[in-house]
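Structure, as structure tokens:
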Amino acid sequence: MARFDLQKLYIDGGYSDAGSDATFEAINPANGEVLAQVQRATKEDVERAVVSAEKGQKIWAAMTAMERSRILRRAVDILRERNDELAALETLDTGKAFSETQYVDVVTGADVLEYYAGLVPAIEGEQIPLRDTSFVYTRREPLGVVAGIGAWNYPIQIALWKSAPALAAGNAMIFKPSEVTSLTTLKLAEIYTEAGVPAGVFNVLTGSGREVGTWLTEHPRIEKVSFTGGTDTGKKVMASASSSSLKEVTMELGGKSPLIVFEDADLDRAADIAMMANFYSSGQVCTNGTRVFVPKHLQAAFEAKIVERVARIRVGDPQDENTNFGPLVSFAHMESVLGYIAKGKEQGARLLCGGDRLTDGDFAKGAYVAPTVFTDCTDEMTIVREEIFGPVMSILTYETEEEVIRRANDTDFGLAAGLVTKDLNRAHRVIHQLEAGICWINAWGESDAKMPVGGYKQSGVGRENGISSLNNFTRIKSVQVELGDYASVF
């Protein structure tokens, strides 16, 4: 029997039964427990959600900027009041350690919402003089109804990253969470309603991306799609959005990010950064720095520091506050990661630690994969070329700065990059040559609400967070005013 009641759709300010009896299971990856049965939205449900969103958006957009700002701030307060409850649910649904979800997932999502709530009154146009008797003014107007499609690794945070700027700009959003982790997004919908967001302004449709996601991207009255997920799926989303009605898209996609350790780096700091860039959230972070480049003569020393730190990882029940490394998000994803580890072994990478599923005791019930480090890796290996999205670090060696820049950029991805050095001249010189949208110097992973996030190459289109994201949920209308006489050529 499931732990929670049947999870329904959230449409028009409340829970609503789907148009069919079809459901799917929400599974706790730490032990295989069925958390809930979740309804699958139908195409008719998508239409209901769009109609509801259109109605709610008109009410929402007609409010003053200060009214919208106050309502969003109330939602921030409720999120923070319910932080531990939401974090515990996120841990059950994703397998992420409570020590992480309690301090990161809801907290940073609320920070983003608070940031955009403060920017609502700052949405403004320009006045452009043409001549003494004429001028132009511009208006930033909401797009209307937009869609958000989330990934499974940061469910509530991603829902907030997408909905916060969308709602701040006066839009309504229909959000489809990942089929793997749907539960906390439904709670977010409750919170928006409790805060005073009009019915229909934030609807949640659960179901598969192949069905619900496609129906949203193809819908002619949805003006924009904001998607987070894999690159292959992102290409399909972009094609569908453009072919249906030339929708705008924002996409945060896959990565295979380089972390470069230079010869003057503090190796302890470099090892700490590499650990965070590979094993935080059990390695399920799109920006992870999984290609770790180290000078050849420092390889052995660096490897020793990594092995020492891996031994300190506290793998365990994610609900235990002492645990800092939980299971992967699902058993299917575990098999995918284990497949990549097998390829690493087959292709000649040297295994430093990990490399298998954890099966001792209660671990056997869950989707646990040991923190894994390969070294002596080469650029053509599958584990170096493809995104694994799991706890697998690949160590590569290099000789010169020019070589490592070239090899770091030798990828179809361009989401993130980082380097560790004491030489600030080198730091800026190299970072400016790395083909990535998010870069860190002597750090890794922090993404403040004010910081635009997005990728180069096949890692994405557009940016999330920062002022640019708010602007991208508006469209500019130019209005010319003529105060003088008007002369026709006819």
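Just so you know, glycine gets a Cβ as well, placed from its N, Cα and C.
Here's what Swiss-Prot has on this protein:
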BINDING   Ile27, Asp93, Val180  K(+) 1 binding site
BINDING   Gly150, Ala151, Trp152, Lys176, Pro177, Ser178, Glu179, Gly230, Thr231, Asp232, Thr233, Gly254, Cys286, Glu387  NAD(+) binding site
ACT_SITE  Lys162  active site, charge relay system
BINDING   Leu246, Lys457, Gly460  K(+) 2 binding site
SITE      Glu248  site 'Seems to be a necessary countercharge to the potassium cations'
ACT_SITE  Glu252  active site, proton acceptor
ACT_SITE  Cys286  active site, nucleophile
MOD_RES   Cys286  cysteine sulfenic acid (-SOH)
ACT_SITE  Glu464  active site, charge relay system
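Neighbours of the K(+) 1 site: apart from Ile27, Asp93, Val180, residues of the same chain with C-beta atoms within 8 angstroms of the site's C-beta centroid are Ala26, Asn28, Pro29, Leu35, Thr94, Gly95, Trp152, Thr181, Ser182, Leu183, Val329, Ser330. Classification of Glu464 (active site, charge relay system) by DSSP places it within a strand.
For Lys457 (K(+) 2 binding site), the same-chain residues that are 6 or more apart in sequence and have a Cβ closer than 8 Å to its Cβ are Thr411, Asp412, Phe413, Gly414, Glu435.
Ranking the active-site residues Glu252, Glu464 by the number of CB atoms within 10 A of their own CB puts Glu252 at the top. Taking only the Cα positions, the spacing between Glu179 (NAD(+) binding site) and Asp93 (K(+) 1 binding site) is 11 angstrom. Secondary structure at Glu179 (NAD(+) binding site), taken from DSSP and collapsed to helix, strand or coil, is coil. With every protein chain in view, the residue among the binding-site residues Val180, Leu246, Cys286 whose Cβ has the most Cβ partners within 10 Å turns out to be Cys286. Relative to Cys286 (NAD(+) binding site), the recorded positions Ile27, Asp93, Lys162, Leu246, Gly460, Glu464 all have Cα atoms farther than 10 Å away. Across Gly150, Ala151, Trp152, Lys176, Pro177, Ser178, Glu179, Gly230, Thr231, Asp232, Thr233, Gly254, Cys286, Glu387, which the record gives as binding NAD(+), the greatest C-alpha separation is 23 Å. For Val180 (K(+) 1 binding site), the nearest of the recorded positions Leu246, Glu252, Glu464 in terms of C-alpha separation is Glu252.
Checked against Ile27 (K(+) 1 binding site), the binding-site residues Gly150, Thr233, Gly460 differ in C-alpha distance, with Gly150 being the nearest. The shortest Cα-Cα distance from Pro177 (NAD(+) binding site) to any of the recorded positions (Glu248, Glu252, Gly460) is found for Glu252. Proximity to Gly150 (NAD(+) binding site), judged by a C-alpha distance within 10 Å, picks out Lys162 from the recorded positions Lys162, Leu246, Glu248, Gly460, Glu464.
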